[in-house]
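Database features, via TrEMBL:
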| type | residues | note |
| --- | --- | --- |
| TRANSMEM | 21-42 | transmembrane segment |
| TRANSMEM | 48-67 | transmembrane segment |
| TRANSMEM | 74-94 | transmembrane segment |
| TRANSMEM | 114-132 | transmembrane segment |
| TRANSMEM | 139-158 | transmembrane segment |
| TRANSMEM | 178-198 | transmembrane segment |
| TRANSMEM | 210-230 | transmembrane segment |
| TRANSMEM | 236-259 | transmembrane segment |
Amino acid sequence: KCAHLRLVCQEEQKPYYMSKLWWCGIALLGLAEVGNFTAYGFAPISLVAPLGCVSVIGSAFISVIFLKKTMRTADILGGALTITGIYLLVTFAPNVPQELTARQVQNYLVSWPFLIYSILEIIIFCILLYFYKRKAVKHIMVLLMMVALLASLTVIAVKAVSSMMALSVMEKMQLTYSVFYIMSILMATSCAFQIKFLNQAVHLYEATAVVPINFVFFTTSAIISGVVFYREFQSTAFLSVFMFLFGCLLSFLGVIIIARNKREEQLQIPFIDCGHIPGQNLTGKIQPDSHSSCYGTLNKEDDLVKRQS
């Protein structure tokens, strides 16, 4: 964002991919996703997914430094709620064994809870896709619900791939199993279609509406998929589950408060003044005198009026 704003203010317009600052931002985004991918291999899905709210807080506060935006009371309140929610999430996260082998992934794939969950998810996704394709319903809730359904498959596959890669690095080879490549294909395919629908949602609606709704839907679907597929809350006490869900609720409220009523900064596109066209010397008036009889007429009409008079 900062790179785009700087490029617009320059006299000589350059493509954004020529900016070193833009490439620096892309590199940081890539590094962040590598860290996010690695985290799924060492922590439960139900903990990693809600912690995505840290990026919302970081964006709100860093924009004050780089984009010169003013710090609002809503940002401070939302940040406080989100940090409190993060504390509860980390404290009461499910304590499950993190060593996930290829054989365990195979057993989870053919378990009855996941098969029932997959059938229900496919039915709901097909209904939403029918309204999206046939009825041309492009409501923000329809788009982001499809993103969330795809995201649940993405996080399941990401955790499986990341865990198997981590075990392989620790000399417990898992890459020879076919399930590793099946989950890799599922991860790439679901992620691609997820980006497609999310991109359309951002195109049709403001990011201030898309970001909080997508965060809530994504986190909810990720937690449900972790519960169903990896059985993350199987032996967790009721109080821990309640406090964990309360932490999620605080994080949701914090993100919504930060994103609420925040207007996107519009890029000021430079325009050419008709009186100062580069390389052109204007000898006549651009607009006739408003007091003349030929005001608003073309030059040929002006000559016709003179001949008639």
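Quick reminder: no glycine exception, Cβ is built from N, Cα and C everywhere.
Of the candidate ranges 21-42, 74-94, 210-230, 236-259, 210-230 contributes the most Cβ pairs within a distance under 8 Å of the transmembrane segment (114-132).
Residues 1-2, 5, 32, 36, 39-40, 75, 78-79, 82-83, 85-86, 89, 155, 211, 215, 218-219, 222-223, 226, 247-248, 251, 254-255, 258-259, 265 of the same chain, all 6+ positions outside the transmembrane segment (48-67), place their C-beta atoms under 8 angstroms from a C-beta of that stretch. Among the recorded stretches 21-42, 74-94, 210-230, the one sharing the largest number of Cβ pairs closer than 8 Å with the transmembrane segment (236-259) is 74-94. Taking Cβ pairs closer than 8 Å, the transmembrane segment (210-230) reaches residues 44-46, 48-50, 52-53, 56, 96, 100, 108, 113-114, 117, 140-141, 144-145, 147-149, 151-153, 155-156, 159, 198, 201-202, 248, 251-252, 255-256, 259-260 in its own chain, all 6 or more past its ends.
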